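TrEMBL annotations:
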- 88-108: transmembrane segment (TRANSMEM)
- 114-138: transmembrane segment (TRANSMEM)
- 150-167: transmembrane segment (TRANSMEM)
- 202-220: transmembrane segment (TRANSMEM)
- 226-247: transmembrane segment (TRANSMEM)
- 302-326: transmembrane segment (TRANSMEM)
- 346-366: transmembrane segment (TRANSMEM)
- 398-416: transmembrane segment (TRANSMEM)
- 422-443: transmembrane segment (TRANSMEM)
- 455-477: transmembrane segment (TRANSMEM)
- 483-501: transmembrane segment (TRANSMEM)
Amino acid sequence: MIHSAELDHKELQPQSILPAAAAAAASAHCNGAKEEPPIVFVSDSDHQKLRTSPARQTSVSMGEINRAEYVSVGESPSPAVVSNAKKVSVLPLVFLIFYEVSGGPFGVEDSVGAAGPLLALLGFLVFPLIWSIPEALITAEMGTMFPENGGYVVWVSSALGPFWGFQQGWMKWLSGVIDNALYPVLFLDYLKSEIPALGGGLPRVAAVLALTVILTYMNYRGLTIVGWVAVILGVFSILPFAVMGLVSIPKLRPARWVVVNLKDVDWNLYLNTLFWNLNYWDSISTLAGEVENPNKTLPKALFYALILVVLSYFLPLLSGTGAIALNRELWTDGYFSDVAKIIGGAWLGWWIQGAAAMSNMGMFVAEMSSDSFQLLGMAERGMLPEFFSKRSRHGTPLIGILFSASGVVLLSWLSFQEIVAAENFLYCFGMILEFLAFIKLRIKHPAASRPYKIPVGTAGSILMCIPPTILICIVLALSTVKVMIVSLAAVAIGLLLQPGLKYVEKKRWLKFSVSADLPDLHFANRDRPDTLVY
């Protein structure tokens with residue numbers, strides 16, 4: 001095997017490496033050695049030279065990561081495979097991120113109930129600075145550094161190794177399933193004012209099950225929120241709140257915005273509501289391979305989506321709390337439809353209920369698609385048994401959908417607040433791994449190609465991660481004993497599950513395989529400083 005560790009990184013010359021690699025390959029072939037083709041790491045500075053060089057070998061065995069190529073030089077040249085699939089452009093990607101993170105101001109009402117108007121409004125202005133912006137920036141850098149659909153699983157695997165990559169996949173999948181259990185609950189909460197029977201008991205349980213089955217079947221048939229469908233649904237979800245804001249202007253009383261009582265604040269509910277409504281920016285990384293020119297499109301889309309999400313929360317809260325008299329007990333999930341009726345009449349309340357239904361249905365289908373395809377992707381990486389990679393006749397991951405839907409049904413008995421707290425707890429652990437992966441790659445590989453790079457050095461990268469890490473610790477510390485026990489048990493299952501699956505693979509009780517179409521993230525010489533991945 002020929003690797004760039006044998007040469008100084010700054011002195012890599014493709015013209016000198018390639019003949020040596022070819023000679024080694026020929027020697028191995030003559031000796032009958034059954035070795036894999038030698039791998040040459042091409043630095044970013046030589047990337048353009050090699051792209052235009054007549055001697056460039058066109059067979060790429062390990063894909064392109066960070067615009068660096070892992071070129072198999074022991075094979076005959078073969079034409080590049082050109083995909084005819086249409087890539088996602090900026091505007092559809094903005095609304096895909098909008099649905100991954102937000103979907104509209106449905107579910108922010110608890111922030112007013114927990115802390116009052118002033119802290120709710122300040123929270124949705126300050127919290128993005130502490131949490132959303134750092135997470136979005138890291139997603140932009142890492143997503144363009146590894147422009148493939150593995151997303152955060154690939155980031156953590158490349159920096160910390162396959163064990164922690166599996167833990168990241170497990171916690172993110174479980175967090176996503178918990179998140180998906182919220183959408184039927186929110187959907188019914190917005191309908192219970194018109195259909196009181198859906199407020200609890202057997203009718204509510206039956207409605208949750210029926211809704212889950214219908215939306216799961218839609219997902220099985222391949223109905224997902226992509227491209228311009230996301231744009232249409234996003235506009236439909238936001239438009240009634242824009243109308244409510246205009247109608248509320250004559251009724252606004254600025255004094256209502258500054259009401260606060262620091263002695264009567266439910267900090268656990270307040271922080272969890274903010275955290276849940278302003279996270280999941282990294283989820284779009286699992287679509288990086290489907291984005292048109294991700295090096296430029298992904299950072300732009302994240303920037304525009306960040307503005308859209310913050311405004312879609314702040315402006316409805318501004319009009320809702322300023323136009324009607326405060327009654328904190330009424331500000332729970334689903335209350336915006338009542339606020340709209342008070343401000344604009346029944347027609348506006350019904351419009352917001354319809355927007356909430358469409359938004360929650362869209363987020364459910366999108367989240368389940370992401371969760372189920374993540375299981376498929378982990379199976380293609382050899383982290384899960386091969387049957388997870390099987391697709392239905394509609395091209396959807398049937399086993400992943402069934403697993404994700406089962407998790408939603410099992411978790412649907414929890415309350416909205418408990419679901420949010422449990423999801424946030426697991427999500428926090430996943431984000432810690434992402435921060436560690438980001439910092440480690442910055443320290444070990446500062447010169448690696450980063451099409452979008454956060455304009456801070458290594459010290460700045462560490463400092464940027466400190467405030468969100470402190471926030472993570474606060475969220476974890478404020479968790480209830482019930483949520484903490486359930487979440488830690490889930491983490492423990494992941495720690496045991498990975499070595500258990502390795503044992504199953506070793507015994508050949510189930511078949512595991514790595515897709516030949518994916519780049520190899522784990523080199524044999526993983527201790528070499530110039531190796532980009534672990």
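Yeah, the Cβs are placed from backbone N, Cα and C, and that goes for glycine too.
All annotation found in TrEMBL is predicted automatically rather than curated by experts.
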(message) Should anything in the same chain at least six residues away from the transmembrane segment (226-247) have a Cβ under 8 Å from its Cβ atoms, list it; otherwise answer none.
(response) 88, 91-92, 95-96, 98-99, 103-105, 312, 315-316, 318-320, 336, 339-340, 343-344, 348, 351-352, 355-356, 358-359, 362, 366
(request) Output the single range from 114-138, 302-326, 346-366, 422-443, 483-501 maximising the number of Cβ pairs under 8 Å to the transmembrane segment (455-477). (result) 422-443
(message) Using a Cβ cut-off under 8 Å, which residues of the same chain at least 6 positions beyond either end of the transmembrane segment (114-138) come close to it?
(response) 108, 256-261, 264-267, 269-270, 273-275, 277-279, 281-282, 302-303, 305-306, 309-310, 313-314, 317-318, 321-322, 326, 328, 431, 434-435, 438, 454, 464-465, 467-468, 471
(message) Could you check whether the transmembrane segment (202-220) and the transmembrane segment (346-366) come into contact, where contact means at least 3 Cβ pairs under 8 Å with the two residues of each pair 6 or more apart in sequence?
(response) yes
(request) Using a Cβ cut-off of under 8 Å, list the residues of the same chain at least 6 residues beyond the transmembrane segment (150-167) that approach it. (result) 142-143, 282-283, 285-288, 374, 377-378, 381, 383, 430, 433-434, 436-438, 440-441, 444, 491, 494-495, 497-498, 518, 521-522, 532-534
(message) Let me spell it out: take the transmembrane segment (302-326), skip the flanking residues so only those 6+ beyond its ends count, and list any with a Cβ under 8 Å from a Cβ in it.
(response) 90, 93-95, 97-98, 101-102, 104-105, 108, 111-112, 116-117, 120-121, 124-125, 128, 132-133, 136-137, 139-140, 238, 241-242, 244-245, 248-249, 251-254, 256-257, 259, 277-278, 281, 284, 336, 339, 342-343
(message) Cβ under 8 Å, sequence separation of at least 6 from the ends of the transmembrane segment (346-366): give me the contacting residues as numbers and ranges.
(response) 96, 99-100, 103-104, 106, 180, 183-184, 186-187, 190-191, 193-194, 215, 218-219, 223-225, 230, 233, 236-237, 239-241, 243-244, 247, 334, 336-338, 340
